[in-house]
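Presented below is the structure to which this report refers.
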Amino acid sequence: ETSAKKIALSNNYAGNSWRQAMLTSWGKVTGEAVKTGVVAAADAFTTAENQATEQAAQIQNMILQGYDAIVLNAASPTALNGAVKEACDAGITVVSFDGIVTEPCAWRIAVDFKEMGRSQVEYLSKKLPDGGNLLEIRGLAGVFVDDEISAGIHEGVKQFPQFKIVGSVHGDWAQDVAQKAVAGILPSLPDIVGVVTQGGDGYGAAQAIAATDRKMPIIVMGNREDELKWWKQQKDAKGYETMSVSIAPGVSTLAFWVAQQILDGKEVKKDLVVPFLRIDQDNLETNLANTQAGGVANVEYTQEDAVKVIESAK
Amino acid sequence: MNDVLKAVIAVDGAKISFGAVRALDGVTLHVMPGECVGLVGHNGAGKSTIVSVINGGLTPHEGSVASDGERLERYGINVARARGVRCVFQELSLCPNLSIVENARIMHRDLGGFGWRKRAAQIIGKSLDTVFPGHGIDSTRTVGDLSIAERQMVEIAMAFSDAGVPPRLVILDEPTSSLDASLARQMLDHVRRFVGAGGSVIFISHILHEILETSDRIVVMKDGRVVAERPAHDFDHHGVVEAMGTVAKDETGQRSAREQSTAPLVLSHQAAGLSFMARKGEIIGLAGLAGHGQTELLLALHASQAGNWLPERDPLVTFVAGDRRLNGVFELWSILRNFSIASLGDLSRRGLILPGKEATKGADWKRRIEIRTPDMDNRILSLSGGNQQKVLFARALATRAPIVLMDDPMRGVDIGTKQEVYAIIREEAAHGRTFIWYSTEMDEVSLCDRVYVFREGRIAAELAGDAVNETNIIAASFEGVAA
Amino acid sequence: MTFRLSSDAMRLAIPALSLTLLLAAVFWLQPRAMSYVGLNLLFNLAVPIALATIAQMLVMAVNDLDLSMGTFVSFIACVTATFLRDAPVTGVLILAGAIVTYAALGIVIHLRNLPSIVVTLGMSFVWGGLAVLLLPSPGGQAPDWVRWLMTVRPPLAPMAIVASIVIAAVAHLVIMRSSLGVLIRGIGGNQRSVERAGWSIVRARATAYGLAGFFAVLAGIALVGLTTAADANIALRYTLLSIAGVILGGGEFIGGRVSPIGAVIGALTLTLAGSFLSFLRISPDWQIGAQGAILIIVLALRLMLNRLEKREKRR
Amino acid sequence: MILLLRPFSKPWIWSWLAAFIVWFLTIMVTLGASTLGLSQAALTFAAFSVIVGIGQMFVITLGPGNIDLSVPATMTLAGTVALKLMNVENGMILPGFLVVILIGLVVGLCNYALIKALRIPPIIATLSISFIVQSAAIWTNRGLRIKPPSMLAEFTTSNTLGAPNVAIVAFLISILAWFLLEKTIYGRWISAIGQSMPAARMAGIPVDGTRFVTYLFCAVLASVAGFLLACFSGGAALNMGSEYLLMSIAVVVIGGTAVAGGDSNVPGIWGASLFMFLVVSMLNTYGLGAGIRLIMTGLIIISVIMLAGGRRPGMR
Ligand SMILES: Nc1ncnc2c1ncn2[C@@H]1O[C@H](COP(=O)(O)OP(=O)(O)OP(=O)(O)O)[C@@H](O)[C@H]1O
Ligand SMILES: Nc1ncnc2c1ncn2[C@@H]1O[C@H](COP(=O)(O)OP(=O)(O)OP(=O)(O)O)[C@@H](O)[C@H]1O
Ligand SMILES: [Mg+2]
Ligand SMILES: [Mg+2]
């Protein structure tokens with residue numbers, strides 16, 4: 001029974017399509033939940049700039065506002081620990097997802113980012129048994145997710161030594177930044193057979209490479225609609241093959257249901273894992289059809305999904 | 001030779017050049033204890049530069065500086081200050097963001113330690129009381145809130161103040177330029193007292209009667225050289241002017257009273273007190289004690305006529321600034337650009353500047369008003385203070401605006417140039433231009449057709465025709481105060 | 001009125017009034033904030049911002065601007081969460097080195113007559129790079145004494161308030177009352193005349209920058225004390241926040257017109273403005289825009305009070 | 001000899017020199033094989049910084065404290081709205097472009113209205129406006145990436161006679177800016193205002209009008225840059241302008257424009273924009289990690305300004 005409980009979403013960034021999709025999913029699912037009386041309120045809060053300090057202040061305000069649970073996509077896994085601890089001390093349930101926090105009193109719905117990176121190289125090793133040179137596009141320097149995925153990729157390269165990373169640029173998870181960075185390094189690179197990415201940067205890389213007379217390498221995509229559409233075109237035109245992997249923005253709704261279950265008194269393990277969302281050559285069309293134009297491939301979760309995830313973690 | 005041994009400061013054969021400009025070309029100047037040396041010369045003669053040498057701010061490229069008979073090899077600001085050399089600079093040099101007390105702290109390096117505020121307040125307060133009795137300036141006030149005259153008073157008092165090292169030589173570079181007659185009188189009296197007590201003063205001014213009555217000895221400079229040096233009583237007004245190399249036409253009081261009351265009205269303004277109006281071709285004086293609302297009226301007149309949003313094809317007013325650092329010169333620009341900025345409309349076609357026309361007009365005015373520079377493309381800051389002021393004058397006169405507002409524009413302009421400018425003003429007025437002229441100098445006010453006298457921010461009296469004279473103006477300025 | 005407000009006092013009255021009004025609005029929206037714990041939650045993150053604002057103010061006092069404040073505080077936070085905890089001696093040495101670097105920047109900027117904006121822009125990359133090298137991914141841990149300092153519960157008023165008052169008082173003493181402060185502000189007001197009075201401008205500027213570095217170091221340490229851990233991007237926003245804080249507090253970009261107490265109040269106002277917004281519950285689309293709106297409102301308030309004050313003065 | 005040394009007194013020469021050295025070091029890695037590719041890429045990406053940089057330069061010329069922080073948000077809003085309006089149809093290009101100009105004008109108007117009405121430093125006013133503009137961009141279509149019309153996509157990504165089209169556009173805008181600054185009354189006016197606002201007022205310059213037009217100009221250029229960038233990179237993203245905040249300021253100051261206002265220069269913007277792109281490419285090419293890369297970028301910026309700096313007093 002959680003009909004009197006209030007849940008808040010603390011989001012640190014709204015400046016890209018993934019975050020926007022996440023907010024939309026949250027709005028859709030929680031709106032329904034509030035209407036049917038499952039919870040009393042589920043308000044979303046976003047900070048203006050992607051800054052841990054601002055988000056910490058936001059969490060402190062939520063404590064003052066008397067929310068029962070805070071669902072959190074954190075700007076930093078550690079820098080919010082102070083505020084999270086204060087929330088826990090005030091008796092508030094804190095569930096972090098995507099950008100998780102390390103503070104032990106909070107719950108974590110984590111994606112195995114390392115595996116996400118490693119699996120890209122594994123995929124390439126199947127397509128290109130002979131190996132070759134790779135270009136790595138990283139995210140924003142100094143951010144946890146960037147470090148994790150990159151570590152996974154390098155692990156993968158160690159595992160499949162036929163590959164060699166010959167260049168690495170920071171694309172800040174943005175198509176235009178990635179495009180610029182790739183265009184700058186490309187002229188000086190030897191032939192590359194694959195581009196390993198972190199999501200949100202594949203299309204930019206494809207554009208930059210298309211502007212030269214190089215052969216299009218296998219670019220691992222990140223589930224954005226424009227990436228999928230480009231892939232589909234290339235597939236239809238010349239049978240281009242690749243894969244696409246990212247975390248689904250709808251994971252915010254899973255976090256919502258987990259928080260609701262905890263408020264309901266369910267016993268829930270502190271660490272839960274959600275699979276990342278992977279699109280392959282054969283299910284490209286269906287996924288593309290399900291993705292909003294200009295958006296991100298998405299999955300929204302229901303209460304039952306949450307219960308299942310909680311059960312399986314036990 | 002005995003001279004050098006006794007001199008507080010003796011500069012010998014100092015030469016300084018800025019690029020191609022020879023600011024000092026072998027100047028020798030000895031200042032004895034207990035004398036006031038008057039230093040005169042045309043704009044750009046090198047007066048401020050020799051001041052900088054004595055004050056330690058500039059090291060001469062050739063020549064030497066000695067003090068008390070001892071040749072000082074490593075002369076600098078701190079050596080000069082330790083020997084009691086103090087300076088009031090031509091441009092105001094207090095920190096506007098600090099209070100008077102805090103400025104005193106800056107000026108006196110060794111005032112520090114616990115409780116310095118109290119000591120500084122005492123020192124500056126005492127000095128102000130001595131130099132300007134009845135000044136009414138509270139030393140905790142921020143300098144930026146003071147009027148320009150008050151700032152100058154503080155600066156003068158600061159130079160005469162004693163915080164450990166007593167002042168022995170005080171250099172006053174045009175200290176009275178923003179003071180009205182009564183304050184200037186107080187200062188000059190103090191200079192005599194100071195000299196009488198054994199101190200030395202170097203006094204620079206373009207107002208010759210001040211120099212003549214205050215100095216013991218007068219040094220005349222011209223083009224970086226000393227051209228005459230005699231005891232003051234050997235000079236008269238005419239002699240000084242002649243020594244400066246200006247052909248003087250003694251024109252003061254030559255004003256022919258013109259009757260203008262029938263000319264069409266071009267501007268009227270309801271200020272506090274009597275209402276203000278100006279007719280075509282009039283020269284209108286704004287008089288009264290400094291800082292009593294004259295500048296404010298000029299600013300208000302300008303603001304009410306000048307458009308801030310749209311460019312005006314035929315602006316009604318143009319302005320000659322008195323405080324040239326603040327609202328006069330554009331420091332990064334050449335002399336030519338500084339000159340032409342207000343008349344670009346006439347020097348352009350469809351918004352495009354015509355460089356040829358601009359240069360011709362610049363050269364024209366350079367000749368007309370004798371701006372001392374080899375090249376109008378030199379930077380404005382390479383000009384001496386008075387020459388910068390001339391550029392501002394030329395800027396305003398070169399426009400077509402029928403009304404010229406002048407905010408004490410002759411500050412620091414030498415006497416020869418003044419005479420020329422007076423002539424130009426009269427000529428332009430005869431052609432129908434109106435001049436509204438705030439001045440702190442009685443001579444200039446007497447040149448006007450009609451005078452408004454200000455007191456405490458209000459227009460207290462209007463004098464016209466023959467009623468425009470010193471007695472009437474002073475009476476109107478103090479009316480009610482004495483009572 | 002015979003009583004005349006000095007321009008320094010005026011500079012202060014306006015920010016103080018806007019803070020009071022904003023605080024009243026917050027209390028009205030969220031009465032729970034009106035308590036010991038509530039005030040602490042509202043204001044504790046303002047403490048490092050206030051320190052950074054004081055640092056920025058010192059640089060602005062000599063007519064310069066520091067665009068590297070955010071990355072510098074981030075770097076200090078990284079040092080605090082790693083070296084200062086694990087190897088205090090090395091940590092202290094690094095912090096001292098950082099302060100010396102700041103002073104050196106002041107010297108270079110003065111001697112070579114460089115625009116401070118460009119030099120500090122360049123330095124912002126350097127500090128950011130150093131921070132990334134130190135902590136490639138977020139982590140580290142606050143030294144226990146720092147954590148204790150930032151979470152201690154003094155009697156009467158919460159830590160955030162006490163700290164703000166102490167910072168304001170110390171900064172006021174140093175910048176407004178001491179000879180050194182007069183010298184620093186004098187450089188902002190009229191460098192030439194300070195030079196003519198025989199002071200060494202280089203030394204004074206180096207001191208101003210060094211002091212700024214010192215306050216920024218304190219900001220970094222305080223920040224880690226609150227967050228318990230650091231990351232390389234933790235305080236990027238402090239650059240703009242600190243500038244905005246100085247301005248809100250009545251400071252000006254040039255002319256050496258600054259007010260330390262005002263700056264602290266400005267930092268508190270900025271923090272409070274954020275809270276005020278989240279209490280309003282605006283749609284997520286417009287939450288960012290509302291931050292802009294609130295800035296505008298606070299400044300409009302400032303203008304209104306300014307006008308009132310002027311009218312008062314004229315009378 | 002004197003003739004040879006003369007260019008070194010021009011403030012823009014240093015940014016060009018730096019750009020050339022970095023360019024040379026980068027192509028040397030491949031012994032020159034990458035010359036064409038790198039040069040074209042550099043011209044392409046420098047073009048965007050040049051366009052926003054020129055607008056920013058005009059504003060910075062207005063004097064201390066004048067800076068437009070709303071550039072990134074304006075770029076985002078213009079890209080988002082225009083691409084949404086055109087909706088991949090070639091026929092809608094003209095209305096799309098008009099909307100871009102309109103957005104620039106409105107943002108510029110808001111910026112100056114705030115500066116004027118509230119008498120606040122432009123840095124704060126434009127920051128506040130940028131938040132609102134960013135919100136408007138989010139609100140219009142929540143960050144969905146809509147593709148540009150094919151003609152525009154084609155135009156922005158292709159070359160004419162070996163020169164990237166966007167670079168040509170930027171070049172034309174630079175010529176216009178240079179002309180405005182050097183030859184027209186308007187150019188004199190902004191330079192005068194930058195040196196001393198009271199003096200400009202007393203010289204009869206319509207100060208408010210001039211500043212207003214300058215803020216409009218800056219916002220319109222930002223808007224156009226955002227539009228071109230969105231077309232070039234295949235859709236507008238909500239964060240696409242963020243890079244250009246520091247970038248627009250950096251290219252202005254590295255290019256030799258006086259930060260204290262009153263003195264601007266257009267060629268320097270090109271040198272600095274090329275330099276900012278090339279330096280990242282060079283460090284990427286040499287395979288340096290992000291930390292080292294950032295440090296090097298910073299040190300290089302400082303060295304450039306050290307070499308070029310100290311030209312004239314009062315630059316600060
Ligand atoms: N910093 C400088 N750079 C270049 N030239 C200078 C500089 N300072 C002074 N000069 C030049 O040196 C000469 C002497 O100037 P100085 O200021 O000493 O004249 P002055 O006698 O004080 O004139 P005024 O009565 O107008 O104040 C002038 O020609 C001036 O242009
Ligand atoms: N005194 C002035 N002060 C400020 N701006 C001016 C002034 N005179 C003209 N302008 C502006 O300068 C520009 C050129 O105006 P001007 O009247 O000189 O044009 P013009 O050269 O006469 O053109 P045309 O040949 O078409 O008549 C216009 O924008 C005008 O508004
Ligand atoms: Mg002089
Ligand atoms: Mg004309």
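Each Cβ is built from the backbone N, Cα and C atoms, and glycine gets one as well.
Bear in mind that the values here come from a model prediction, so they are computed numbers and not experimental data.
If you check TrEMBL, you get these features:
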- C:12-29: transmembrane segment (TRANSMEM)
- C:41-60: transmembrane segment (TRANSMEM)
- C:90-109: transmembrane segment (TRANSMEM)
- C:116-136: transmembrane segment (TRANSMEM)
- C:156-175: transmembrane segment (TRANSMEM)
- C:206-229: transmembrane segment (TRANSMEM)
- C:235-254: transmembrane segment (TRANSMEM)
- C:261-280: transmembrane segment (TRANSMEM)
- C:286-305: transmembrane segment (TRANSMEM)
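Contact between the transmembrane segment (C:12-29) and the transmembrane segment (C:286-305) is supported by 3 or more Cβ pairs under 8 Å, counting only residues 6 or more apart in sequence. By the Cβ criterion (distance under 8 Å, sequence gap of 6 or more), the transmembrane segment (C:261-280) is not counted as touching the transmembrane segment (C:90-109), fewer than 3 such pairs being found. Ranked by the number of CB pairs under 8 Å to the transmembrane segment (C:41-60), the listed stretches C:116-136, C:156-175, C:206-229, C:235-254, C:286-305 are led by C:206-229. A contact links the transmembrane segment (C:90-109) to the transmembrane segment (C:206-229), because at least 3 Cβ pairs that are 6 or more residues apart lie under 8 A. By number of Cβ pairs under 8 Å, the transmembrane segment (C:206-229) is matched best by C:235-254 from the list C:116-136, C:235-254, C:286-305. Residues 59, 64-68, 70-72, 74-75, 77-79, 81-82, 105, 108-109, 230-233, 239 of the same chain sit 6 or more residues outside the transmembrane segment (C:116-136) yet have a Cβ under 8 Å from a Cβ within it. Residues 13-15, 17-18, 21-22, 244, 248, 269, 273-274, 276-277, 280 of the same chain lie 6+ residues outside the transmembrane segment (C:286-305) yet bring a C-beta within less than 8 angstroms of a C-beta in it.
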